[in-house]
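Here is what TrEMBL records for this protein:
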DOMAIN    C:12-74  domain 'V-ATPase proteolipid subunit C-like'
SITE      C:E61  site 'Reversibly protonated during proton transport'
TRANSMEM  C:12-33  transmembrane segment
TRANSMEM  C:53-77  transmembrane segment
Amino acid sequence: MATEAHGEAGKAVGMPQLDFSTWPNQIFWLLVTLVVIYLVLSKIALPRIGAVLADRKSTITNDLAAAEELKQRAVAAEKAYNDALATARTEAAKIVAQAKAEIQKDLDAATATADAEIAAKAAESEKTIAVIRDGAAAAVAEVARDVAGELVAALGGKADASAVTAAVTARLKG
Amino acid sequence: MATEEHAGGLQIHPMDQFVVKPLFGDGPIEWYTPTNVTLWMGIAVLAMIALLVLSTRRRAIVPSRGQSVAEMFYGFIHKMVEDVAGHEGLKFFPYIMTLFMFVFLSNMLGLIPMSFTTTSHIAVTAVLALLVFLTVTLVGFYRKGIGFLSMFWVSSAPLILRPILAIIELISYFVRPLSHSIRLGGNLMAGHAVIKVFAGFAGAMGVASVVPIAAIAAIYGLELLVAAVQAYVFTILTCVYLRDAVGDAHH
Amino acid sequence: MEGDIAEMGKFIGAGLATMGLGGAGIGVGHIAGNFLAGALRNPSAAPGQMANLFVGIAFAEALGIFSFLIALLLMFAV
């Protein structure tokens, strides 16, 4: 389209791409460009970026290793702590058991003493109670005799002391 | 044609943007003349240096934004070469990186309005494709000797089909530089010409020219994608061809 | 219109040559659609096949670009 006005070579070439008079120029400058890019890339850019990437990779690997080590250490510390805790706990349990046994022993001894005392006191009390009971029974018999004698006298009879006593004794026994 | 356009009143010159002009004066174009090709290739070189050299000069372990971009390009192409061409292909990594950076930056710089797209010229893409073709052929014969020809002799096919397949493989092998170069050049040329045609409509349609302007914006986005994808495709096809020459497993 | 017959033939030929681009469109659409179908069945395998996708699209597209080139040659170079 309108090549006559625009084609540089003045030829009837509608597509500048097919204007072969410009090809040597383009090819020359393309080769120069490619060589420059290749040299810049292979001498400067690519080794530099490759080195940076490798650096970063090794840094990351090192950091990961350090983190792993720290983690191992933390795990070990936790394990030691747990061990110590378990030891302390068994120790404490042992002490508690010992104390409990000692207390039990003391307690048993005290209980035995107390039991013996209580038994002694009980026996003594029993004896006292028996004395008191006997006394009471004698008093009851005497009172009964007096009351029976008085009753007989009040009823107009003549109280025979021995008969009253025998009757009261028989009554008390019955 | 010129008379028709004058009659129609619609002046669209979609191919003007591809004209190679001398930078200084108006003389004939010799092979050494600095032209707009020179200018934009030089800008591509400067952009490459800014992108890959200046941004990485601090060599930081924790990268800045520019360095991240440079490392992304490096990692992207490195992985592509390793995945497609195999471990042996890594020797050609700087070469492939050169091709990629040149094609990518030229495509992208060509999308700047009023700029000149060096990769839309068949001369440029043909040289790039021929360089790849020659590299692959020479490296193939250097590394495998006459055994390189066995890639044309498909041993898994029935014997009677093999000569036919050999001819087809041979033709497709020699068509490679052609398709390799035309694909890149043709895609860019077509995209830029389409934008220019729509721009011509915009000039002639008065108020209704918002429609072609919107269309230009949409096509521009598509062209950004095409520019990146064509650079990627050019590079990955280079890797695919290189695998024939250096890899041990071939189809 | 005072063009000659040869001019007309060029334009008709260029127009016919652009039809080849439709074939490229079909091919590229086929590849992309099949890729998507496969990727939806097995999304975890999809990223590894991106390179193959682009290579396939590039091969299919190249033939369309040839017809585009022929159209351009007819328009401007013949």
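Placed from the backbone N, Cα and C atoms, the Cβ positions cover glycine too.
The list of residues near the transmembrane segment (C:12-33) in space but at least 6 beyond its ends in sequence, with Cβ under 8 angstroms from a Cβ of it, reads 53, 56-57, 60-61, 63-68, 70-72, 74-75.
The average per-residue pLDDT of the prediction over the domain 'V-ATPase proteolipid subunit C-like' (C:12-74) is 88, rounded to a whole number. Beyond its flanks by at least six residues, the transmembrane segment (C:53-77) meets 10-11, 13-15, 17-21, 23-25, 27-28, 30-32, 35 of its own chain at Cβ-Cβ distances under 8 Å. DSSP assigns C:E61 (site 'Reversibly protonated during proton transport') to a helix in the three-state reduction.
For C:E61 (site 'Reversibly protonated during proton transport'), other Cβ atoms within 10 Å of its Cβ number 24.
The helix, strand and coil residue counts that DSSP assigns across the domain 'V-ATPase proteolipid subunit C-like' (C:12-74) are 60 helix, 0 strand, 3 coil.
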